[in-house]
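K.L.:
Copied straight from TrEMBL:
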ACT_SITE  13  active site, proton donor
ACT_SITE  15  active site, proton donor
BINDING   13, 15, 130  Mg(2+) binding site
SITE      56  site 'Stabilizes the phosphoryl group'
SITE      104  site 'Contributes to substrate recognition'
SITE      105  site 'Stabilizes the phosphoryl group'
Ligand SMILES: [Mg+2]
């Protein structure tokens, strides 16, 4: 990379972090429900200087369940609820049963693309997800992770109930 990377970001898994996890693929607009406290959390992170970048696995596309257009429509709904705070959306449309992709978490190509595009310093970045594979994707590029939610995943050291609590952790860490 030419020149120093200065920007910082919070990478955000989508389903189970920003919108309700409903136990199956979310692509219908009426099932895409923004979780409580998300607009406020994103505003706090934005005010602290973080880029906000959504990185989401959407293998339902590879499986033929829905289209990229429907994913974009959900993201538009999310942006409207969050006052267009999100800087970029990356989604991995592949699934191992159909097509291999390094975009798909736990691989890190979505994060790598954003790091290059926004000239991010990974050591100043975070990823918030409700699955360990989200955090694994971050670890591959030196980005710290916080697990959220009430899922069955074994809880790592950095755990928060939801994005609001994860935001508290991220903002508190700045002073450490
Ligand atoms: Mg998720």
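Any Cβ shown, glycine's included, is placed from N, Cα and C.
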K.L.:
Does DSSP put residue 130 (Mg(2+) binding site) in a helix, in a strand, or in coil?
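P.N.:
In the DSSP reduction, residue 130 (Mg(2+) binding site) maps to coil.
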K.L.:
C-alpha of residue 105 (site 'Stabilizes the phosphoryl group') to C-alpha of residue 130 (Mg(2+) binding site): distance in Å?
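P.N.:
About 12 Å separates the two Cα atoms.
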K.L.:
So if I take the recorded sites (56, 104, 105) and measure from each Cβ to the nearest atom of ligand 1, which come out below 6 Å?
P.N.:
none
K.L.:
Report the nearest neighbour of residue 56 (site 'Stabilizes the phosphoryl group') in space among the recorded positions 13, 15, 130, comparing Cα positions.
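P.N.:
When the Cα distances are compared, 13 comes out closest.
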K.L.:
Given residue 15 (active site, proton donor) and residue 104 (site 'Contributes to substrate recognition'), what distance in Å do their CA atoms have, once rounded to a whole number?
P.N.:
14
K.L.:
Around residue 104 (site 'Contributes to substrate recognition'), how many other CB atoms lie within 10 A of its CB?
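P.N.:
Looking across every protein chain shown, the total is 23.
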K.L.:
Could you state the whole-number distance in Å separating the C-alpha atoms of residue 130 (Mg(2+) binding site) and residue 104 (site 'Contributes to substrate recognition')?
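P.N.:
Answer for this pair: 15 Å between alpha carbons.
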K.L.:
Taking 10 A as the limit, how many CB atoms besides its own sit near the CB of residue 15 (active site, proton donor)?
P.N.:
22
K.L.:
Return the residues near residue 13 (active site, proton donor), defined as same-chain residues 6+ apart in sequence whose C-beta is under 8 angstroms from its C-beta, sorted by sequence, else 'none'.
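P.N.:
Listed in sequence order: 54, 55, 56, 105, 127, 128, 129, 130, 131, 134.
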K.L.:
Which of the three DSSP states, helix, strand or coil, fits residue 105 (site 'Stabilizes the phosphoryl group')?
P.N.:
coil
K.L.:
Taking 8 Å from the centroid of the Cβ atoms of 13, 15, 130 as the cut-off, which other residues in that chain fall inside it around the Mg(2+) site?
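P.N.:
Output for this site, in sequence order: 14, 16, 17, 18, 21, 56, 129, 131, 134, 148, 149.
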K.L.:
Once the chains shown are all counted, how many other Cβ atoms turn up within 10 Å of the Cβ of residue 56 (site 'Stabilizes the phosphoryl group')?
P.N.:
23
